[in-house]
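Annotated features in Swiss-Prot:
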- 1-228: region 'Pyrophosphorylase' (REGION)
- 10-13, LYS24, GLN75, 80-81, 102-104, GLY139, GLU153, ASN168, ASN226, ARG332, LYS350, TYR365, ASN376: UDP-N-acetyl-alpha-D-glucosamine binding site (BINDING)
- ASP104, ASN226: Mg(2+) binding site (BINDING)
- 229-249: region 'Linker' (REGION)
- 250-458: region 'N-acetyltransferase' (REGION)
- HIS362: active site, proton acceptor (ACT_SITE)
- ALA379, ASN385, TYR386, SER404, ALA422, ARG439: acetyl-CoA binding site (BINDING)
Amino acid sequence: MHPKLDILILAAGKGTRMRSDLPKVLHQLAGRPLLGHVVATAQALGAARTCVVYGFGGEAVPQAMAEATLSFVLQAEQHGTGHAVKQALPQLADDGVTLVLYGDVPLIHTTTLAPLAAAADAGKFGLLTVNLAHPDGYGRIVRENARVARIVEHKDASAAERAIQEVNTGILAVPTRHLKRWIGELRNDNAQGEYYLTDIVALAVRDGVEIETHQPQHDWEVLGVNSKAQLAELERIHQNEVAQRLLADGVTLMDPARLDVRGSLVCGRDVTIDVNCVFEGRVELGDGVQIGANCVLRNVSIAAGTRLDAFTLIDDATIGEAGRLGPFSRIRPGTRLARDVHVGNFVEIKNSAIDAGSKINHLSYVGDTTMGQRVNIGAGTITCNYDGANKHRTVIEDDVFVGSDTQLVAPVTVGQGATLGAGTTLTRDAPPGELTLSRAKQQTISGWKRPIKPKKEG
């Protein structure tokens, strides 16, 4: 906790180039709004308070971030970054320091920001700059005798100033008492007719406040999002960072460029992940887990030694040790699979508990079911759990064998060791240890002829 650090996040921009009705800062990167990434960074820095200045989209921004401990200030009309900061000044403690961040710059690291806050703590002006080979569009850092003298916006810069490659990122930290004074002195006599926050640099120089510059470890940390193309670019940068961390932790990625983690992914030892897999929410993979190609996992815990074949979808479920799932399996919310459970191709399981050693290998639907150990479910089996108004549970006890093409009309219980013959429609409980079946008597109609379609003339 940094008891005197206030973080101000500017998030009022419309984002015209996004071509969207959604406020720019609410567009998602890695499964989280852009603003959410910045808020998480602020929280990691231990700020005493975090204030978000919002504008376009009205209350959509505060509503989207309602779970975070934030204060919000509306910038009803956008007249530049200096004007945005002015709206929030009453929220900032005079005896603290203020770090200014941007809601559309989501990849900034805490290790980059910490030195800026430390500079402000020491009474200095902490300024984040970066050197770019092609600095078009950015404000230039003008130095005199190696010291920062001012920042000139691109549209206001002379030819000589446009040749400067050190540019302003907009991210800064200053003692709040200075910030409040300088903001009151800003003028809008520039090409844009706006109040530039960057103009406080010249005021700091005038007042003899030392400007201490720092640069990020990676240039992409300060990249902003103004278009869908830039959003896609930052998504790939972020996913590459995630992939590199996983590789460093010993995870085998068949292709690091074809991985999407949209939340948190925690892996044990010797985990292997094939291409085009998506991980959403919180996903935990135990030792030796193998994930086949094109799987989607959302809020899932998978125990050691389990293998998922291609195109398996698991959502809000727990998978036990040494399981085998897929290909083309769907595990829906509320499902718990115990050890050594096999779920095969085109099987869907919802809100069910499947105990150890049971197998559902082909073309089946199991919903709202409690299944014991060592159960074998034949191909084409359906638990009919919904009567049009209510859902009912099916109970299948240990060591049951269910023949293919069987329907179990819930509520119904199949006793321990029972066998259901193929094609059975079970509407009453099946007793333990017995064969239960229901089917029409087979008959052969002698002399029956299949209808023949008449041949077309010509």
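Using N, Cα and C of the backbone, Cβ positions are placed for all residues, glycine too.
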Quick check: of the binding-site residues listed here (LEU10, GLY13, GLY103, ARG332), which one has the Cα closest to that of ALA422 (acetyl-CoA binding site)? ARG332
Please report the three-state DSSP label of HIS362 (active site, proton acceptor). strand
Run through ARG332, ASN376, ALA379, TYR386 for me and report the binding-site residues whose CA is within 10 Å of the CA of ASP104 (Mg(2+) binding site), in sequence order. none
Annotated acetyl-CoA contacts ALA379, ASN385, TYR386, SER404, ALA422, ARG439, maximal Cα-Cα distance (Å, integer): 22
What is the average pLDDT across the region 'Linker' (229-249)? 98
One finds that other Cβ atoms within 10 Å of the Cβ of ASN385 (acetyl-CoA binding site) number exactly 23
Expressed to the nearest Å, what is the distance separating ASN385 (acetyl-CoA binding site) and GLY80 (UDP-N-acetyl-alpha-D-glucosamine binding site) at their Cα atoms? 59
Would you kindly give the Cα-Cα distance separating ASN226 (Mg(2+) binding site) and ASN376 (UDP-N-acetyl-alpha-D-glucosamine binding site), rounded to the nearest Å? 55
Check the binding-site residues LEU10, ALA379 for other C-beta atoms within 10 angstroms of each C-beta and report the one with the most. LEU10
